[in-house]
Structure formats: C-alpha cells, structure tokens
Amino acid sequence: MRKGLILNIISNLVFFVSGYLIHYYLGGHTSAAAYGVVGTIITVLDFEYMFTSNGARQSLSRNISSGRYNVGDVIVKTLAVQACIVALFFVVNFFGAPLFGTVFNDASLDFYFKLAAFLPISNGLYVMMLGINDGLQRFQYSAFLSTFYPIVKLGVIPLIMFVFPHDPVMGVEVGYFSAMVITIVLGLALLAPVWPKLRATGTERIAIDEVAHGVLSFSFFFIMASLVLSADTLVVKSVVSPASMAGYYTGAMNFGKTTYYLLQAFAVIILPVVSGLIAKGDTEQAGRKAQSLVLVAFGFIFPMAVVISATSRDLLTTFYKPEFTVAAPALSCLAFSSFFMGMTVVFNMVLNAEKDTHFSDVLSIVSLVLVIPIFVVSARFGGITAIAAASMICTFITMTLSYLEVRRRMMDVMTAKTWMVIGVNAAVWAALFLVGRVVSIRNFFLLALIYAVVYFAYIGALFVLRIVDIEQLKAMKGDK
C-alpha cells in the first residue's frame, strides 16, 4: 500500500506540474479573455470526465480487487457500459456545440466543442486501463501510465508555439487528444502479457446491471465532487463581468485544485485495499489502514493547502501577472475547498468499499440540487471571492458529513494525532498570513524555495513532536 501510494502521489505531482507549465504558458502568452475560453473548455471536459473516468475506474478497481468475479468478464461488461456513456457525451458535445456558445455567451465555443467531442472517447479507454491495474493492485503500472500521459501532454506548448500560434484553444485540444492516444497504445501493450491470465481467473460472472449500478454510482459521486470544484468557474464565466474575471478565477482555480489532485492518489489506493480486506472479513484491519491514510493525508497534503491559502497574493503575482492579485482572496478559499473535497472523496471510498453506496448517492443528489443556486447567488452579489467562499463552506460540510458516516459505520478514522496535525497547520497558516502582510515576494523561484523550507521544517516538527514517526509509516506497507 505504501509503495502504491507513493507512486500515485508522484504521478499526481507530475500531473499538476504539467498542468502548471501549460497554464503558465497560456496565462503569460494569451489575453485574460482567451485564457478564460480555455478554462471554460477544460472545465466542461473535467465535468464530463467525471462520468467517463471515475465511474469505470473505481468500479473496475472494487470488483476486481474483491476476487469474486472473473476479471475478463468484469472488464468486458464495464467496457460496454463505458461505451454507452462515452457515446452520449459525444452526441452532447458535437451536436450541442451551438448551445454551449449561447449558454456561455461566446460564439467561438461552437467550433471548439465539436473538437472536444472526441476527447471523452480517448479518456474513457485510458481510464479503463488504470482501473484494471488498480483492481489487480498493480499500482506501479497505473502510476506509470498516469505519469506518462501528463509528460506527453506538455507537447501542447510547442504545438501552440509553432502550429497554432493564433489559436491556442485548438492547440490545447489537439495536444491533449494526441497525448491520450499515445498513452492508450502504451497501456494496451502493458496489459497484453497478463490478459490470458485475467480471462482464466474466477468462474462467477458479474451481472451487467450490477456493473452499470457501480459505474453510475461512482460517477454521480464524482460528478458532485466535480460540480462543487468546477461549476463555480462556469458560473463566473456566465455571471461575473468583465470577461477577464473568468481568466483570473481560472488562474486561482489552477492552484486551488493542487491538493485535490494529490488526494486522488489516496482514493485510488484506499478503495481496493479496504475492499480486499473487507472481502476477507478483516474489518478491523481495514479500519486501521484507513486511519493511517487519513493521518498521512492531513499530515503531508493539508499543509500544501495551508501554504497556498496563506500566501495566495504572492503566488498569483509571481506565477502570472500582478493583475491576478484580484483573485487572491478567492484562491485563499479555493485551496481549502479542494482539500475538503479531496477528503470527502477519501471518506466515501472507505464507505463504498463495502458496496453500500446509499450515503454517497444521497450526498451526491443533495449536493447537485443545492450547489448551483448557491454559486449563482454568491457570484451575483459577491463576485469571485464570495463564490470561492461558498465553495469552501460547501466542501467542508460534505467532508464533515462523510467523516461522521465513516465513524458511525466503521470506526473513528480521525485519531488524536490527526487532530494534533490540524492544530499545527492552523498555527502555520496564521504565521504565514501575518508575515505576508509585512513582506512581499516578487520572484516565483524564491517563493518556491520558501515553500520548500517551510514544508520541510513543518515535517521535521511533526517528527520532533512525535506526531508522525518512521515506524508508523513503515506499518503502512502492504503486500503491494
């Protein structure tokens, strides 16, 4: 488990570093309005990927890791369900492209959404391979593929520079699609040697309706996560003026999502590990594994949200342009919002390991009904800062409710040490915020160096205070 977690964290680090580099180029070489168009396209695709990505991946991971079904049968039937979902989004994007232009008040989006229609197809195949490897607990292979893809995706930058200098949106779409196709070919090659063994596993066939329910249940849950994290960008684009505010908010959201991406590694690991232990009847060990992962998440990922939130003004100024400081208060909220939603996902993956998705389904439905109206009202009356604050409050509530449900059904995964970690992080945020009111940093690399020093000093404090120790981290080591 420890090795898989580390590899997936690395892959997620590469993913958002790659995204930062792409956004750095776009933010520095396009107008704020054009950058806002790119952000709108990416945000809509991120929303659609919640259907094509997490549903199939997590369903495959849970069903394969349970050891109950024939793996080949699970894969074929999940692919059939995935194909139906992908076909639906192709129709929506391609034939509904003019509607997107009308809704977002930008006629240029018509053409771009027709191009974007092909991206969910490639994404659907790509995540199928990740889910197969996760279910087999071949975390090193899924981590490799999810590391390889964002590296190849960096080809977007030279594409825009030399092929699409006057049309960066097309450059982004062509680059993303090409990178995904290359990764799919590599993924198929890595799965080819084990395919004969997969077809020979188990005898029990899984029902297609069970596969569909699992895929859709996970999908709707991650749609809720995506809606809370991404719908605010769309609302800003539609409601807030001038148009440049969408670009500034996109820049803030780019950093705000950092911890959410990292926490996806925890969700990827915790579902098959806990599901496998529960299938063996070892519920107590499953709870201990969950406690360890939650402590590590708060101990090592939460401080990143804290640092970004406390230094949002300097971060936006040095990475983009001074004009982006208008989004600094929004980023201070979005940094926490993304972490809270990431932990909501982690807690719900623990719950769903038991194949009881009722709580997650209800949470998803209620959130889908309430979030959009809250965001629209916040944006109309308070602008980008108010909508970011609303996002933070909503995610905190979903995280808290999910934690309470885990405690009710399994055990308290928030140990005393985890609460101590939260206290230390509160002190770090206060210190950095106060220093930032007096001292301003104008160089991004200097700011990055300060981040590194603060982070390692913080980690050292955790060990000195005996909140975390080496033996505790070693105890996380599993079979894979």
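Cβ coordinates come from backbone N, Cα and C, glycine included.
These figures come from a predicted structure and were not determined experimentally.
Here is what TrEMBL says about this protein:
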- 5-26: transmembrane segment (TRANSMEM)
- 32-53: transmembrane segment (TRANSMEM)
- 74-99: transmembrane segment (TRANSMEM)
- 111-132: transmembrane segment (TRANSMEM)
- 144-164: transmembrane segment (TRANSMEM)
- 176-195: transmembrane segment (TRANSMEM)
- 291-312: transmembrane segment (TRANSMEM)
- 324-350: transmembrane segment (TRANSMEM)
- 362-381: transmembrane segment (TRANSMEM)
- 387-406: transmembrane segment (TRANSMEM)
- 418-439: transmembrane segment (TRANSMEM)
- 445-468: transmembrane segment (TRANSMEM)
Check your understanding: Which residues of the same chain, at least 6 past either end of the transmembrane segment (362-381), have a Cβ under 8 Å from a Cβ in it?
Key -> 220-221, 223-224, 227-228, 231-232, 235-236, 239-240, 348, 387, 389-391, 394, 398, 401-402
Review point. Between the stretches 5-26, 291-312, 324-350, 445-468, which one has more Cβ pairs under 8 Å with the transmembrane segment (144-164) than any other?
Key: 5-26
Check your understanding: Looking at 5-26, 111-132, 291-312, 445-468, which one has the highest count of Cβ pairs under 8 angstroms to the transmembrane segment (324-350)?
Key -> 291-312
Point to revise | Remote residues contacting the transmembrane segment (111-132) - C-beta distance under 8 A, at least 6 residues beyond either end | key: 37, 41, 44-45, 48-49, 51-54, 56-61, 64, 71, 75, 78-79, 82-83, 85-86, 89-90, 93-94, 96-97, 100-101, 142, 145-146, 149, 169-170, 173-174, 176-177, 180-181, 183-184, 187-188, 190-191, 198
